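Structure first, then comments.
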């Protein structure tokens, strides 16, 4: 009996220890930014490609007002409603942060106090970004206007409200390399980087499994809309029959090849991607045309 | 400018889409057919100028001007009768109930469309260079209205 109790206690202890171990934050190596100097001018392109303003600008803003990252946009998901926080360089935002704080948040989903962020913040894509791009982005961040708007709480229920559990989710879903395609073509490789790392296109265009992780076997095969209404279209060449020129022009002008205007959450994406140079939109199109068919 | 031609082109395209719609949806109210037909007239004429701006078709001053005139023709159509309350917020088309609740806001975007179509009309015959910017302005009005007053897919 005593023996049994002991082993039950041991199992419990092991469970607790492994649980804590598996859910612990896994920050970037300390030397990630050694010898990397950020450049604000280059960071603007990263900012637009990554669409940070698409989520962090105040609701319904246009033009230069989009640079004020006051937060407040709401994202309805099956796990609850998340509200984007103020991330402007101010006391109400992330004014006191270091580059390392910023990079751990953006690429590892870890807050300065060690808490995990929810994956609505697409750090599992940004994890693939180059340190140089993150350093440039942080330099650009310092040029953004401050906002003193208070960040609002999320509206999510138990058990999803427990951030600790996200450690397991991350161990399972945050990728450490781009897995969908090997390519030697520099244009396709650039497109892959823009789509998979910065543009986080798969976050909407790839279906998710029951735990909310991307189903990589159905890469870009289209997905139900997280808002609950309708579906998000597939982008694989067997499903999306547009030419590369059509895709590039859609991402620039917001017009489909038959001249209807893009709608839904894609409007916000286009507002950002339209600011990139033509060569980058052509690279995105080349990557999409090179994707394996969804079947 | 090419006023008689414009109206003819407009009526022609309009009639063609209406026939297609009539065959597809015998029960669709005429107001819905009319406004969806107008939207298709917009799309088809935008395609003429848009493909020239993209360099997909060769620039043709006369065709560009006629397309711009047709867009202006749509802008001149009185919208008040085309969006009756009974046809808004239903399953059978994409017009949101918000159109009925905010008619002033909806009509204000039509005014923006009117202004943008006029700007395109002013530059359409002057060469392909000015088309992109004018189309961008026009595109903002489609996006603004579809964002607020049309069901997204």
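Placed from the backbone N, Cα and C atoms, the Cβ positions cover glycine too.
Annotation source TrEMBL lists heme c binding site at B:142, B:145, B:146. Residue B:145 (heme c binding site) has a Cβ environment of 19 other Cβ atoms inside 10 Å.
Annotated signal peptide per TrEMBL: B:1-22, in sequence order.
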For residue B:146 (heme c binding site), what residues in its own chain, 6 or more apart in sequence, show a Cβ-Cβ distance under 8 Å?
B:152
Check each of B:142, B:145, B:146 (the binding-site residues) against chain A and write down, in sequence order, those whose C-beta lies under 8 A from a C-beta there; write 'none' if there are none.
B:142, B:146
